[in-house]
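One structure is given below, encoded as structure tokens.
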Amino acid sequence: MHFKATLLSLSIAATLPSFSLSAAPLHIDTALPDAAQIQQSNSWLEISLGQFQSNIEQFKSHMNANTKICAIMKADAYGNGIRGLMPTIIAQGIPCVGVASNAEARAVRESGFKGELIRVRSASLSEMSSALDLNIEELIGTHQQALDLAELAKQSGKTLKVHIALNDGGMGRNGIDMTTEAGKKEAVSIATQPSLSVVGIMTHFPNYNADEVRAKLAQFKESSTWLMQQANLKREEITLHVANSYTALNVPEAQLDMVRPGGVLFGDLPTNPEYPSIVSFKTRVSSLHHLPKDSTVGYDSTFTTSRDSVLANLPVGYSDGYPRKMGNKAEVLINGQRAKVVGVTSMNTTVVDVTEIKGVLPGQEVVLFGQQQKQSIAVSEMENNAELIFPELYTLWGTSNPRFYVK
């Protein structure tokens, strides 16, 4: 599936002038296929650069003047493709980007980004070692990590920038527990390691609950102030940051020195629907089939036609990120109308009932998620039918399908 994404997304700019492109995988093939290969795409994503820009601008309008924005581009920009979106990030003057993997960091740097690059999860020593040339600011939450990175810094002859993670937000995955004397001692030891330069202190909140955030924010402020005093860190040299998309917008006092928006930029923040999704998931009709009443459809014969029916075969299945559980529940859009998925979704095929839809022909566009004419398939609809949260869907889409970037 990566092969498919590489071929199509590399060639789209040469054949469709209204699109710009970036390859879906981070390690891409430079060979350009012919136009016929583009037409062989069974499913694809359309990413709206205009909506991405609009979401960024709207988000920026709610930030304090002195609050820096660090755009979180982990999971290859939430499945939307780092390489395709970085030109917009740069044009918008975003000073910081957050990533998870070295491949993502390299894609950011190769886009021409010269700003601050932060890893937003704990990394192994081998990851950190192989990323020294990328100038990543690492997230440190244990004494051992600090020792390992300090030794790496010494060997490389560099002073490495780090952000200390505290567990005051209650996430329990990266940070130091500051409620114990042992935890406080560990934090001071990290902050005073030679060859490491502490440039930030952070935490992360696990819930969409403003009152809970405010209570934990107070604890973070107390912990970070204590740590800076004990480790002789200068306040003006430390970036304090705790706010993800939800917190930045709904608890403005938590914006502090920097915010870390992720989902909101891509249109995935359930509490703030005023930020539309930038992605659509599409396929096309591959064939039409006329079945008589009482015909069964799909594996396990879970659907039986109640009338003479016209069924459309769609060349997309769970291997492309359209889950098996969509069967007999979900709907898709064809000719601006809803068509019910019948039978369970197969690995590479989905069947929909188009008996009541006029003018359906092979090759016509089908919207699996997104809008078509006056109809739309919403996030909540996808989640309910798939029995998955939306990020589990779109991150899989991004690894399984070519991306077309629409102005």
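Using the three backbone atoms N, Cα and C, a Cβ is placed for every residue, glycine included.
Copied over from Swiss-Prot, here are the features:
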type: SIGNAL; residues: 1-23; note: signal peptide
type: DISULFID; residues: Cys70-Cys96; note: disulfide bond
type: MOD_RES; residues: Lys74; note: N6-(pyridoxal phosphate)lysine
type: ACT_SITE; residues: Lys74; note: active site, proton acceptor
type: BINDING; residues: Arg173, Met347; note: substrate binding site
type: ACT_SITE; residues: Tyr299; note: active site, proton acceptor
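The separation of Arg173 (substrate binding site) from Lys74 (N6-(pyridoxal phosphate)lysine), Cα to Cα, is 17 Å.
Each of the recorded positions Cys70, Cys96, Met347 was scored by the number of other CB atoms within 10 Å of its CB, and the largest score is that of Cys70.
Looking only at other Cβ atoms within 10 Å, the busiest spot among the recorded positions Lys74, Arg173 turns out to be Lys74. Sequence-distant contacts of Tyr299 (active site, proton acceptor), defined by Cβ-Cβ distance under 8 angstroms and a gap of at least six in the same chain, are Gly343, Val344, Ser346. For Cys70 (disulfide bond) paired with Arg173 (substrate binding site), the C-alpha to C-alpha distance reads 20 Å. According to its DSSP assignment, Cys96 (disulfide bond) is in a strand.
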